[in-house]
Ligand code: DAT
Ligand code: MG
């Protein structure tokens with residue numbers, strides 16, 4: 001597996017509920033490297049682009065509205081297998097299907113308020129990172145503990 005990047009967001013409900021630190025803590029403790037992060041309120045237009053693949057779903061308009069209703073934390077995390085592993089750490093789309101120990105399994109109840117976003121493939125991760133971050137907002141840096149995380 002390659003040292004890839006993924007787009008993770010603490011959604012507005014996660015921010016409102018004070019779960020930002022808890023979510024960041026899990027990715028940090030796992031050993032992944034934070035390479036970009038901003039606290040921002042996204043426009044509905046921006047979210048329509050982000051969720052373009054879901055444009056034909058009945059919940060699309062409500063989803064874009066809720067996601068733009070308050071500030072969120074947009075992040076880019078890097079590491080070997082981070083796209084897939086982050087999805088595992090998040091749990092399933094529906095919190096009710098998410099196992100305890102996962103973020104959605106531990107902290108939320110309804111699919112429409114599931115507190116975190118994570119890219120679902122390397123291809124969409126690349127697209128999403130480019131949609132949410134300018135190149136100068138992403139940082140390549142050496143983690144001091146890297147040789148203790150990777151062989
Ligand atoms: P995920 O966020 O796990 O990648 P997705 O890409 O299929 O899931 O959908 C994006 C978001 O849309 C999801 O996090 C919550 C919302 N959503 C999905 N299915 C829904 C449904 N049946 N009703 C309401 N909201 C839904
Ligand atoms: Mg998705």
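Cβ atoms here come from the backbone N, Cα and C positions, even for glycine.
What TrEMBL annotates here:
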ACT_SITE  117  active site, pros-phosphohistidine intermediate
BINDING   11, 59, 87, 93, 104, 114  ATP binding site
DOMAIN    3-140  domain 'Nucleoside diphosphate kinase-like'
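The two recorded residues, residue 93 (ATP binding site) and residue 117 (active site, pros-phosphohistidine intermediate), have Cα atoms 9 Å apart. A simple way to gauge crowding: the CB of residue 59 (ATP binding site) has 12 other CB atoms within 10 angstroms, across all the protein chains here. Take the binding-site residues 93, 114: by the count of other Cβ atoms within 10 Å of each Cβ, the lowest one is 93. The secondary structure of residue 117 (active site, pros-phosphohistidine intermediate), as reduced to three states from DSSP, is extended strand.
Least crowded of the recorded positions (11, 87, 104, 117), judged by neighbouring Cβ atoms within 10 Å of its own Cβ: 87. Look at residue 104 (ATP binding site): DSSP puts it in a helix.
For ligand 1, the binding-site residues lying close by, meaning a CB under 6 A from one of its atoms, are 93; the full candidate list was 11, 93, 104.
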